[in-house]
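Copied over from TrEMBL:
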type	residues	note
ACT_SITE	B:LYS206	active site, proton donor
BINDING	B:LYS106	NADPH binding site
BINDING	B:GLU191	L-homoserine binding site
DOMAIN	B:351-428	domain 'ACT'
There are 2 protein chains.
Amino acid sequence: MTVKIGLLGFGTVASGVPFLLTENAEKIKQAAQDDIQVAKVLVKDDAEKERLLAAGHKYHYVTSIDDILSDNEIVIVVELMGRIEPAKTFITRALQAKKHVVTANKDLLAIHGRELGAIAKENGVALYYEAAVAGGIPILRTLANSFASDKITRVLGVLNGTSNFMMTKMVDEGWTYEKALQTAQELGYAESDPTNDVEGIDAAYKAVILSQFAFGMTIDFDQVSHKGISSITPEDVTVAQELGYVIKLVGDIQETASGISAEVSPTFLPKNHPLASVNGVMNAVFVESIGIGQSMFYGPGAGQKPTAASVTADIIRIVRRLKDKTIGKDFNEFTRPLQLATAEDVKSDYYFSILTPDVQGKMLRLAEIFNEQAISFKQILQQPSDEKEARLVIVTHSMSKTQLENISKQLEAAHEFQVMNIFKVLGD
Amino acid sequence: MTVKIGLLGFGTVASGVPFLLTENAEKIKQAAQDDIQVAKVLVKDDAEKERLLAAGHKYHYVTSIDDILSDNEIVIVVELMGRIEPAKTFITRALQAKKHVVTANKDLLAIHGRELGAIAKENGVALYYEAAVAGGIPILRTLANSFASDKITRVLGVLNGTSNFMMTKMVDEGWTYEKALQTAQELGYAESDPTNDVEGIDAAYKAVILSQFAFGMTIDFDQVSHKGISSITPEDVTVAQELGYVIKLVGDIQETASGISAEVSPTFLPKNHPLASVNGVMNAVFVESIGIGQSMFYGPGAGQKPTAASVTADIIRIVRRLKDKTIGKDFNEFTRPLQLATAEDVKSDYYFSILTPDVQGKMLRLAEIFNEQAISFKQILQQPSDEKEARLVIVTHSMSKTQLENISKQLEAAHEFQVMNIFKVLGD
């Protein structure tokens, strides 16, 4: 039998799907046990259709979603348009038309995943999206299957290739944020508006999805705090190296006694931490669990073929489940009621970079502020900034988010201190 | 419903299984959809039974396999005794009694895996063994499922924790092989007879199993060449570092135009290669493929809880498949006829460490030997060894196994050269 699929959109990733279906036909046939054929491709207009045909992509193009939804031979709809609309409407209608859906749309899944999952369930069809988190890394299926026996306590991830490329250049080459961004834009890694990548929004979308698979809890996007890399200075990078750390933008989801917390923030990683060697546009997800202990899944976070490989693995899984008559199982079956961690329970070491007039007694005053919150120092470094000012760098021992907030307020109130940056520090 | 399992053996790993079943009951129930209960445990004799009961392990112990095989309530047999016999006989009889089997026994699977797989198939039961390769890393299921869409071209792995612990000490601390081995034995990482670990035999077993999942080909254990770490000297380690490499014992399976080749050997890894940072007893499997490109799966290679987590994931999968009525699917469905690569097709850069009398013309003669085989040098380093001898270190450009063999013979024939070591060098 041949299973027919409809592609929504034919951009870079989409064109990787037929490439893999052809290039790897023998193996895919063994896994899927049926042939898979791209029956129709939805494009924007006739101009796009003509352009694609001229480029040698010989498919049956349609310009209305109805041509795919009303085609009873099409069993699987693969959405690769991106963004929220019209993708959300098209996926909803496809699920309601009892078609299985594969998508790589992380923005959509992070914000409307629960709703779309419910629609899929109602209609007894599959909604798979392995490619939505860390494109080429098969992390979601691994969390759902191989970690079924294990209790995950923390997930740390380098989840955004663009910002990781920039951080790698800032660390290895000493580039400024501005130079790194400009180069990322020139190389096509960053968009002209880089906000989603550099401010941690894209990584926060992925943290929402990872929370569901790793902890069984659907956290709202708004409940994932995110802080980007734009405030990181070459001084921060240098002092991090001196103290034995590498700075990266890290997504961090952990379960505490009171519940889970998720955030994306620039993080000091000890140099020997496996995530510290994840460089350039590569991504990695580091998992801490009571069974396996520490494990890491590393690979490309984006790109045509890596993303297409994940999308195609989802398609194969659906085709096989149709054959086995087990379709309709949720992609992620692990669910618990959401419980958010209290601020007292979320703890970490922190790095403070503080400018202060180079006068007597400043260290005493600073020590008093930290002492009042019962926070002790792990590492202190004083550097002359210019003749009148000094830069104090402090790495603390563990403190809670509550203590962090109190300290921040105190430092703000004490007008002799100018807080340049506060970053999370991962312990050894 | 409750699915009953029988454990064969109750050593360290086996005791981790009930730990996880209890500790993680809620999540396991969601994944398996039935309860799982350890019904009987096979032990050697009454003395072991008494010892385990006294230690607080309250199970129904039996000393004859028949008590488990004839128990119609036991659906899954979990073999964690290790070694070939009696494990092979017990697993065979369990499969013939239509019981599903989970095992972590890599020696057995590497040597008799095909035979046992056929018996499982004949009897319509499952034989799962995720824990057999890189204990805590869910690599086999990932290769079978997530790489179904992808064509793998090469698998490189740090597959043996004991030898990797030793190599890490030899590289980071400058220890000799002897000191590293003694410490590994003191820490319980290495057995009193360390042959399997240090000579690459254990890693070769794992390479056999990885070949099946990654390339669909069952290579015989005898067809995997293996070379251990015992000949590596502190001089090799130092010069590797000077040239920008880290030496590790690496399993390497690749597909060439003529077929696949698999070997385990000390390998120079470029410092920035993801495998180069895999230290201590940790394992990692690095995969190159046409879709994803480069990916790596990192975690503990052994240990009670990591191995138990993989074993328990297999048990859960069987229980769920029973519920879904899809049991009997092969663990690995990807099969192709075995084709071995010709020696001409297996190519690599190589490192040569050669002692020679410190006389005029030696470099000329050496250059002639390599030139006759059309091999060019990438890096050359000459170090005085003592007053009369010099140590020449050469890193070549790519050469085939045929060329390597010819060069080795020539060097042996030329009595002025004493070849100390030849190791594979991974290109950037």
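Cβ coordinates come from backbone N, Cα and C, glycine included.
Taking the features listed in TrEMBL, we show where each one sits on the structure.
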residue	record	DSSP (3 states)
B:LYS106	NADPH binding site	helix
B:GLU191	L-homoserine binding site	coil
B:LYS206	active site, proton donor	helix
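In the domain 'ACT' (B:351-428), the DSSP tally of helix, strand and coil residues is 24 helix, 33 strand, 21 coil. A gap of 18 Å separates the Cα atoms of the residue listed as 'active site, proton donor' and B:GLU191 (L-homoserine binding site). Residues near the residue listed as 'L-homoserine binding site' in space but far in sequence (CB under 8 A, at least 6 apart, same chain), listed by position: B:GLN185, B:ASP197. Other Cβ atoms within 10 Å of the Cβ of B:LYS106 (NADPH binding site) number 24 in total over all chains.
The Cβ neighbour count for B:LYS206 (active site, proton donor), using a 10 Å radius over every protein chain in view, is 25.
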